[in-house]
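Comments concern the structure below.
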Amino acid sequence: MGLYRLFTQFRRHLNNPTILLSQSLLPNHGSSSSSTIWYRKDLYNMNNQVPLPLLKYYHSSSFLRNSEMSFVNGSTEHNKTDADKLCQILSTHDGSLSGVEASLNRSGVSKVSPELVEEVSKKMSNAGAIALLFFRWAEKKEGFKHTSDCYNALVEALGKIKQFKLIWNIVDEMKGKGLLTKQTFALIMRRYARARKTKEAIVTFKKMEKFGMNPDLSDFNRLIDTLSKSKQVKKAHEVFDEMKKKRFSPDIRSYSILLDGWGEERNMLMVEEIRREMKDEGFELDVVCYGIIINAYCKSRRYDEALELVCEMEAKNCKLTPHIYCTLISGLGAAERLNEALKFFEQSKTSGSVREVATYNAVVRSYCWSMKFREAFMVIEEMKHCGLAPNSRTYEIILHHLLINRRTKDALSVFQRMENEFGCEPSLNIYTMIVKMFCDEQQVDKALEMWSQMKAKGILPSIQMFSSLINGFCEENRLDDACKYFQEMLDVGLRPPGQLYGNLKQALLDAGKKDLAISLGLKLDKIRKTPLVE
């Protein structure tokens, strides 16, 4: 049987010429003999505008020292894992499906384990069609045995492209092999909820019994948590009330889910109502609930009331957690109440809690909100001094604030620094930001270099990245390229947003290419209406 109707072949991978980007923002200073100095004041322009101060690392030899940096398809061939090799083949292969399988067979990967399949499937989760192709290739390999985890990774990937009919076929397959778990149903519920299919998510919960599983309170909590986190807290509350009457007695976890959901909606009236109901039912706020309500007040910009809750906690001898410190630092920082945010940071360091990267990231974010990028980099140096490595989220925060303030040169400089930071590879989110930056600057060719660099590392583009690139092509009137990448979206099983097709369609009509606009529309209708089939 053929693998898919719509997935007929991989799109050809771009082979773009190499360019060199100036690294002039990175000063080339001599090494320091000091291991105690964390930063050099002479590196800074004290007006804190340009150039962005990039601190010298004194404990790492990976800091950029060259005056230029090359974007040669992100070529770093150091010790690639089996998962990296397979992902690179899947994301960059140039040829037919049979050619993909042949390339996988020639990959040099001697043993295909369930753990490897799970890892690759997760890396390919942005392209469910490719994940399915890989999964079916893997199960043909000698000695391969399915596990619940590798099946669940496939279910998650297919759920992202809304292939629910195929998912239920896989559920039957899992049941036949005795591999069906409650986690499988939790994944399906979440994907239905994310797709705004609330009714189907609830039906999935009820189907558990049909498949021989008896849902308990923890499963019920998963359901309402899934609905709540999918911006459907009102429906989650309705399900809560219904189940409370008929089947389950809620615990404090159940109430905390509703507190969090209404807090994310910034509906403090409902938060207070749930708090009163909890008290009536005999539940006292625990540290988790306090953290949720403090976060809700911060999101609603009611910072003084958040601080009152902190005082209430302290009066009850209820210790603040690292998560609550993060919430307060981030919230006060966003309100540009920087001194108060830093006060809680200092308090967190003397609280006896283990220092966490997330707390430092919150401080970095607070400085960025106040446009104090120099101090943000000083925090990164302090992290390293304390034995904590900045992660991709650290740099994502800085890049976000640089980009919203249109400091694109500085953003690119930070990206280049991150590339050479040992153990801190750019994430998909960061590549998406950089591609969008280049497209917004009408430098689509540079965006393509980022695209190629990312795919060479086995990272598949997101819908947002496709959208930025296609819209960028339309802005430059490169409609053939726009159509090519639109088709690639379809080939990997992604459903383009309606607005993206609308923009492309209008550009084609304006260029007198009505037939091509109609052809793409028909293909889009097909992927929306026709499920993948095996």
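The backbone N, Cα and C atoms fix where each Cβ goes, and this holds for glycine too.
Features of the protein shown, as given by TrEMBL:
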- 181-215: repeat 'PPR' (REPEAT)
- 216-250: repeat 'PPR' (REPEAT)
- 251-285: repeat 'PPR' (REPEAT)
- 286-320: repeat 'PPR' (REPEAT)
- 321-355: repeat 'PPR' (REPEAT)
- 356-390: repeat 'PPR' (REPEAT)
- 427-461: repeat 'PPR' (REPEAT)
- 462-496: repeat 'PPR' (REPEAT)
Over the repeat 'PPR' (251-285), what is the model's average pLDDT?
96
Given a Cβ distance threshold of under 8 angstroms, which distant residues of the chain, six or more beyond its ends, lie next to the repeat 'PPR' (251-285)?
217, 220-221, 224-225, 227-229, 231, 233, 236-237, 240, 292-293, 295-297, 299-300, 302
Which residue counts does DSSP give the repeat 'PPR' (286-320) for helix, strand and coil?
26 helix, 0 strand, 9 coil
